[in-house]
Each structure stands twice: as structure tokens, then as C-alpha cells.
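Here is the structure we will look at.
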Amino acid sequence: MRLFLALLALGFAAVAAVPANPQRIVGGSTTTIQQYPTIVALLFSRNGNTFFQACGGIILNNRNILTAAHCPHGDAVNRWRVRSGSTFANSGGAVHNLNRVRIHPNYNSRTLDNDIAIMRTSSNIAFNNAAQPARIAGANYNVGDNQVVWAAGWGDIRSGGPPSEQLRHVQVWTVNQATCRSRYASIGRSVTDNMLCSGWLDVGGRDQCQGDSGGPLYHNGVVVGVSSWGEECALARFPGVNARVSRFANWIRNNS
């Protein structure tokens, strides 16, 4: 799930990383894994027995998955599994155990700065038309304002909405950094240079949401963002916020 922020009497706080109910993309439509073979479903278990889709991830190679740090942060590695090669969140494809989670050393769980992590599977991911390594933005990959980008995932259709078993996608646009920073500053949140904002500014209705955390934001087929946080979902005034992949290109390469 993507974290969303709730206004509390004493300030602002992030909602817990794993929600009470598993989660979908807001304002999008259903799609198939063959259209997005680089995405995987991350499965979480509270008891070590029953697993459900809780976040998304991105295939880097046949053993490593890129995701948001807030998804596995603080959890034992055996609480998470990876489902690759399936259109559906909780069935099909291949399920892999994990043997390592590497969270960015500068990850800040309060501000969600540097919200990026790499999970290593215990077994190889077999590549086919439903599972492929992603093209990842390099350090010099710059995305301009108002560029068309696509998000995909199994998250909520609205804040607190019902789960989507089938993969969904939505077209949104990149948002000017200064504008995004100013909007969030008005409610006491910090948007850093390590973040990339996307949505349908001043219109709303399209966004990533809970359950989409860790999933990809694509620009011309290149992963430029990892879904991270936002103020609820799909609000006109507040875009979604992603980890900006180009800022972590060297770290990703060195740890995968």
C-alpha cells in the first residue's frame, strides 16, 4: 500500500505501512501482467502462514526486487514473499521466498525520504512474457514537468476502498517540483529532491493509493518512480509522491 497522511489533533502522521485490509489504482482500468511484466506483487503475512498482497515491486534482475523501504521496514524477512508473472494479486504466477532485504541507509521513516529498498529472492525468477527485468532510470535521466507517466498496481480504488484482485493501471502526469513542495508544505510535509510527484493536478481522480506502495511509475517504459506516499489518494490539490529513481541509480546498481 501507499502511505497516506492523516490530519491528527497534534499534527500529521503516516498511516501504518500494512493496512487492516489488502488493497488499487484510483481512476484507472484493468490490465494484464503481459502489459507490465516488470511488476510483482509483494505478499505480507502477520502470522507467517497466510499471505496477502500488501505492496508492489519492480524486477531488477532474476533475484532482486526494487520496492519502497516503508513496505518491509521493521519486518522479519520471512514475513514477505514475491509473486511474479501474474495478473492477479493473490493467485497465479510463481511465488518466491526472500532471503534478504536491503533498505537504503538514509531512509527516514518519519519523512519517507529515501524510501527505497531491494529485496532478494531465494530462488531465480524465470523470465517470460509475464516476468521481465525493468528498465531503470539512470542518474542523468531527467523527467520534465507535465510528462505523461503510467502507474500500475493492485492498490485501492479510493482511500480506504476495496481490494483489486486484478492488476490496474492509470495515466497521470509529472508535477512541477516547486508546486508539489509548496502544496505539501502547507500541511507540514516535506517534498525533497529525492521525490517525484505525479497525478492530475487541480483535477484529481487519478493516482496511486494504498496497496500500490513500492510499485512502478513509468515514463516511456522506463521506471522513474517508486510509489511512496500522499495525502489520501487522487485529491486535486495534492499529487502522489514517488521515490525518484534517478537519485538512487548508483545505489540500486551496487546493491542488486
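In case you wondered, yes, glycine gets a Cβ from its N, Cα and C as well.
Looking at the candidates C180, C209, Swiss-Prot gives C180 as the cysteine bonded to C197 by a disulfide. Neighbours of D115 (active site, charge relay system) among the recorded positions H70, C71, C180, C209, C233, defined as a Cα within 10 Å of its Cα, are H70, C71. Mean pLDDT, taken over the domain 'Peptidase S1' (25-256), works out to 97 on the 0 to 100 scale. Spatially, by CA atoms, the recorded positions D207, S213, C233 include one closest to C197 (disulfide bond), and that is D207. Using a 10 angstroms CA-CA radius around C71 (disulfide bond), the recorded positions that qualify from C180, D207, C209, S213, C233 are S213. In this structure, C197 (disulfide bond) is part of a beta strand by DSSP.
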